[in-house]
Every structure is written in C-alpha cells, then in structure tokens.
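A short write-up of the structure that comes next.
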Amino acid sequence: MKIFDYEDIQLIPNKCIVESRSECNTSVKFGPRTFKLPVVPANMQTVMNEELAQWFAENDYFYIMHRFNEENRIPFIKKMHHAGLFASISVGVKENEFNFIEKLASSSLIPEYITIDIAHGHSNSVINMIKHIKKHLPNSFVIAGNVGTPEGVRELENAGADATKVGIGPGRVCITKIKTGFGTGGWQLSALNLCNKAARKPIIADGGLRTHGDIAKSIRFGATMVMIGSLFAAHEESPGETVELDGKKYKEYFGSASEYQKGEHKNVEGKKMFVEHKGSLKDTLTEMEQDLQSSISYAGGKDLKSLRTVDYVIVRNSIFNGDRD
C-alpha cells in the first residue's frame, strides 16, 4: 500500500485550455446547494461563530456551526431561516442530543445540514445518531465523522449518512496521534485515497492541509469538500483573543478537545497555539479561489472535476526544497 501525505505529492500538469484562470469554475454541489468553493472552515470555536456563519451563507460559502453553545442552536436555526439562509449545525452523541433532534422535529425546525461531530466517528453511537436523525429529520443532509478507514466510511453511509468526514487527528492543534497512538496524521492524503475507493457518497477531507495547493490535492484523491482550520484561523473576523508579541499581532487557535475548549484538563486531545494575524478573511477566500482556479488551469480543465484525473508523483517530503522555515 502506498503511504503518502500532502507534502509528498506533486500533481502533474496537463495542457492548458483556458486563456485566463478566471475562466475556471471553482463551485461545487454539496447536498441540496451549490457553493463558491469546495472549502469549509472547521467547526471550531476559534474559527467559526454565528456572525461568520451568517456571512458565509450570505456569500454562497458552506459553513458548519460548532456545537459548543448547545442552548444557542435553536435560536441560531430560527435566525438563519428568518434571514432566508440555510442552517448548518453540529451535534454530538450524548443522550440529550437525541432529545434535541426530537425537539427540532416536533418544532418543525429543519436544519438543511447536520454534522455529527465526534473524534472517533466509526462507532455505534454515531450510527445510532445517523438513524435517529434520518427517522425524525429525513430532509436534513447528514454529515458524519470523523473516520479514517474505508470500513468506517461504508458503515456510516450504510446507516444513512449523506456524507462522511475523513481525518483522525491530522490537524495542527490536534494531538490525538500523540496522546493515543492512533490517527491519520502523516498519511492523511493516503487515508483519503483509501476511503474514497469505498465511498459512494461525498467525502469531506478534514485536517492536515497547510497550503492552498493542498485543496487541489484533496480533490484529486477523492474529496468533494475540504475542511480547514489553521488556514482560516487568526483573521480579523475570526473569533478568539488577539495578542501582540514583539510588535506583531497574533490570534489564539485551539483544538476542539483542548483544555481551553473543554474548560478542564481531562481527556485532552487538542492544544492551543497563537497564529500570526492574517488580515481580512475575504482576502484569504479570494486568494484561495484564485489559487484553485490556477490549479484547474494546470489540470487542463475548466472546473473541479478536471483535478480528479491528473497524474501525480510521490516525491517524499521534498516539495518545499528548502523554501520552508
């Protein structure tokens, strides 16, 4: 079995058929809607909040609201629907979450997207939650995860998941691989490739991306959508504390199972870091779109599907060739 990650891969160009990269279309259909980019910010407290969720929806980007303010979820769904926008929320698998789904159904509050957000998603509890949502809210698009194996993808799809999220601990602020010895850190792109071979429904590649070029690589190896944390963190609009160190501005960024998120030092699988302030999120999204348009032009196409068939080489961690600090 070939094992590789993002840094090990270079995609091989095809003949360009466009006059300008602006002719290339980066939009993606995901569930009932079409979005400008195949990218979603991680549903983490230092990446996503209600104001950003609303802005993303208004501007035709996909988002997933995190689940760490449970009591705010019903008002959030109402607010989004009142504004004529789609609602995309997260749930866990504890007993109160099953009751929450029933409450949504009895109130006729139907989020367009529901993400079951668990670190180890190949589990009976997630399978039971998928079935529960599909029973009570059959029109909601259910994203389930996270998994790292073809078996996990198949079981969640068979339970009724409309999409699966692939990635166990490859993110910058996730230390699952260190604390447990398990995960897809260091071989996330291979894991995505294997899972894609088993998938019949869309996959979200979650974690491990460090550059915009990694979006194109994710699509090449099977992702329909890519979830990104660190590249979206530390913007002007991002949640999180801003600090100044040696004349430079930084913003905090922490993992979803860190003690900073949990409020206690127990079962910690995330850490906190400060990321240099990156300016406007809108500028980053524009740059991301332009870079992906360039990727499509190198693939010899005009849309994302051209990326799925390009050849590649495995270069074993040499693609930065001294260009990285």
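Glycine is treated like the rest: Cβ placed from N, Cα and C.
Copied over from Swiss-Prot:
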ACT_SITE  Cys174  active site, thioimidate intermediate
BINDING   203-226  NADP(+) binding site
Inset, instruction - Would you count the other C-beta atoms found within 10 angstroms of the C-beta of His212 (NADP(+) binding site) for me? - result: 19
Legend entry - Greatest C-beta neighbour count within 10 angstroms, which of the binding-site residues Ser218, Thr224: Ser218
Inset, instruction - Name the secondary structure element type, per DSSP in three states, that contains His212 (NADP(+) binding site). - result: coil
Legend entry - Spatial separation of the residue listed as 'active site, thioimidate intermediate' from Ile215 (NADP(+) binding site) - C-alpha basis, Å: 19
Inset, instruction - Give the sequence-ordered list of residues that share a chain with Asp206 (NADP(+) binding site), lie 6 or more positions from it, and have CB atoms under 8 Å from its CB. - result: Ala42, Gly145, Asn146, Lys165, Val166, Gly167, Pro170, Gly171, Val226, Met227
Inset, instruction - Using C-alpha atoms only, work out the spacing between Ser218 (NADP(+) binding site) and Cys174 (active site, thioimidate intermediate) and round it to an integer in Å. - result: 19
Legend entry - Under 8 Å by Cβ from Ile203 (NADP(+) binding site), counting only residues of that chain that are 6 or more apart: Val153, Ala163, Thr164, Lys165, Val166, Leu192, Cys195, Asn196, Gly222, Ala223, Thr224, Met225
